[in-house]
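The following features are taken from TrEMBL:
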- 886-978: domain 'DYW' (DOMAIN)
- 65-95: repeat 'PPR' (REPEAT)
- 167-201: repeat 'PPR' (REPEAT)
- 265-299: repeat 'PPR' (REPEAT)
- 367-401: repeat 'PPR' (REPEAT)
- 469-503: repeat 'PPR' (REPEAT)
- 571-605: repeat 'PPR' (REPEAT)
- 672-702: repeat 'PPR' (REPEAT)
Amino acid sequence: MQFANPSHLLRSCKHPQLLLQIHAHLIASGLAQRDSTTAHLINSYSSIGNSHASRLVFNNSTNPSVVSWNSMIRAYTRTNHNREALELYNTMLLHKRLQLDKYTFTFALKACAGAMDLKAGVGVHGEVAQRGLGTDVFIGTSLVDMYCKMGEIGVAREVFDEMPVLDAVAWNAMIAGLAQSLESFEALELFRRMGLSGIEANSVTLLNLFPAVSRVSDTLLCKSVHGFVVRRDFPCAVSNGLIDMYSKCGNVDDARRVFDCMSRDDISWGTMMAGYTHNGCFVEALELFDYLKGCNLKLNQVSVVSALMAAAEIRDLEKGREIHCYIVQGSGTNLDVMVATPLMTLYAKCGELGKAKEIFDGVVDRDVVVWSALIAAFVQAGHCKEGLSLFREMQSGSVKPNRITLISILPACADLCTLHLGKSIHCYIIKFNIGLDASIGTALVALYAKCGSFSRAHILFDMMGVDKDVVAWNALINGYAQIGDANNAMEMYCQLRLAGVFPDSGTMVGVLPACVLRNALDEGTGIHGQIIKSGFAGDLHVRNALVDMYAKCGNLITAEFLFNESGLTKDVITWNVMIAGYVQNGCAKEAITTFYLMRLENIQPNVVTIVSVLPAAAYLAAIKDGMAIHAYVIRSGLESFIPVGNSLIDMYAKCGRLHVAEEFFCRMAIRDIVSWNVMLAGYALNGLGHQAVEFFSQMEKSSEVDSVTFVNVLSACRHGGFVEEGRNIFHSMRSKHEIEHQLEHYACMVDLLGRAGKLEDAWVFIHQMPMQPDAGVWGAFLGACRIHSNSELGEIALDNLIKLEPQNPAHHVVLSNIYAQSGRWGDVGKMRTKMSNMGLKKVPGCSWVEIKNEVHAFKAGDQTHPQFRKMSILWDDLLEKMEKMGYVPDTSCVLHDVEEEEKESFLYGHSERLALVFALLNTEPRVPIQIVKNLRVCPDCHTAMKFISEITARRIIARDSNRFHHFENGTCSCKDYW
């Protein structure tokens, strides 16, 4: 091989094997020791990223010149070995024979910038000044660039202003520094001065300027810069920059016009797709992807990432899979981190966390970015424990978390209330001087607020100073609302307004629950007005919060109006809050109907939906609907979720299917204390006192017990008349389980003693309570007085109840019934007059029965039913048979000043009898009948149902406000003790 010009050959060689062959021939021919050849060899090896080979060449040089030294320093900077470059520069300074030139200092300054070593940079600057080279434009430009990259914009500007001669490169360096340091207006002013100085801006100038224009976000300025570009002949890169500039200013239509009129390369397509994604035009971004794919044009990394981000944002899993297939076809399964990260995010946002983890596991070189993306994916999907587990795994793998990682993991600590871990992350932030910017500060405020540490939250909030934005305020408002401190939540909202901070949709979503906690419908309505004025009424999350607020504050009409508003999108949360609102307002039938409508709209019910709608089926004892919901649960794979299982147990127990509830309880793989409690409550409700007490004993051995457990078991004891067992269980709360007695437990004990006829014991028990009795305690005592017709103690109970609940008519009705049972009709009249004067109305009795998958409701005294005539005929027939068997109507509670025949007719109008007779008319013989009543079943109806069960050979199941009654062959499961 002949080497007429080895320098030219080396400059053109970019292939490692060929370079090694050329190097070998140079050594063999004796040309390798030439100084010019040494420098070219160093440069050639560094150009292919092999600085180690460059150093070997340098070390083998017998007497390297300053050019070779410079080449070696440059080789290190090119391969990002900046420390080695600075060491070599310092070695050069010790060689007195070497005459350092402008290239030496230029390359050294580049190494300082790469190493972010300001001290070394200042040292090089001093050396430059000492040697009188400060006026050199080449060195001056390098100094400006170095100081800008270090964030020392002031010093860079001083160097720039002192330079006697400025070329385009110097102007570009200063403009780039100002733009990167967010000094946008300064950068624009410098661009103007550059033009006035006679230096023509080039493509580099404009590419440096575009980010500054984007930050100003001024449409006229964008068009002015665009006009400057149009008047000159710039390469495609500048047009790509224009697309990016317009997109970041929000002018995506102008960006598209530039795109359509230019000669495009692959970067153009990627920039336009990124612009669409940045501006929320996800469909348009995916249309460009489809066009490129259809034309068999290769997509670059930016295009692929933009397409993935667009598919993720609109939750288009099928499109995401299509893009994934395209990626695999082009580059195989070994994914680049930059592509793997958005791909993981896509699958996570589409609910495919397993697939996201699979992508993660396939990434070989996992850096902090890919770890952070997976952690964020799990946390945002609500899998906070898994997110924390990944965070610990990342740390054990020696990957240090960065700002993004910490912002992602802090919400997990907040949601799980793991304050100790949150504090350790806070310490990490302080220790490594990560800085308390708005994002991290807000995440920490939210952490401490959600964990109830409001003193720390406020300290951090105040430390943020002017940096805190509306999101930081929202963190405190939400924190207070979530712990039920509505007053402080509203106070923070008022302070936000006074501080001149504009609330956003997140603020409204946080403050509306505070209105619910305060039961402040007027406040909520006022905030609704502010929402409309601020333009947030169309925000889905805000509308969901409004529906929830109105429903929980009792304004179901407005909640329904917002829910049914045409043209607005509903998500699963919208349906959930409406279903829950119906249930909370006693509209169980509407809740179930809404559930079926939700299915028809192809919205998939989730765990929250099921937990919300099952109580509606339970309330109505609508077993067919309950079973239909259960079937959906099985098909959807939701049966394993503990809250769903608990709700199913509760539903079956309240529908009188206790054996099904027991079977499901035994089948549950994992149970929590709620599972045990709802099963225990089921035994109590169905009047199975012995089984309840046995189950409680099993709980003591197999599970934890809490205050709710004791409410349930004491309730079973009071319905079963187990006085001594109840007393022992009550006393065991403190002595055995160290659980403090609460008012609910005292109310159960008063009811237990009172039902058993121990009114004096109950009276003494109330006066020995360590706290003031509430309405529940006095209500239980009043109920006992009714059972035993003790009007004297009943009057005392009512006096206390009126003080506590003056607007509750039920207490007056109970005492009125006591008077009636005692024959004190004058007092009955006075009580009814008193109720009328107070504007109190008796809650009407209502019963319902499910027949052929339809729930039929009956109100007391209602004669409007289409089958009422047939029902009356059947009742007369039943009454005749009952009287022959010895039935005597109990009219003691019916008004005394009417004829006995009218009294008996009045009794027939009770809602439970209407429901029973209707069911007898519309069901096959011997088919069991199940009735639900909103109030306590009256004594006469109870007696009548026993007779009717024997006459019709039917099993009649009645659930009133207290318990189940199973009537069969003339007897009731309660044994007349209820």
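Placed from the backbone N, Cα and C atoms, the Cβ positions cover glycine too.
Fair warning: this is a prediction, and the values are worked out from it, not measured in the lab.
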Would you mind listing the long-range same-chain contacts of the repeat 'PPR' (167-201), meaning Cβ under 8 Å and 6+ residues beyond its ends?
137, 140-141, 144-145, 147-149, 151, 153, 156-157, 160, 208-209, 211-213, 215-216, 221, 228
What is the average pLDDT across the repeat 'PPR' (367-401)?
90
In the repeat 'PPR' (65-95), how many residues does DSSP assign to helix, to strand and to coil?
26 helix, 0 strand, 5 coil
Using DSSP, how many residues of the repeat 'PPR' (265-299) fall into helix, strand and coil, respectively?
26 helix, 0 strand, 9 coil
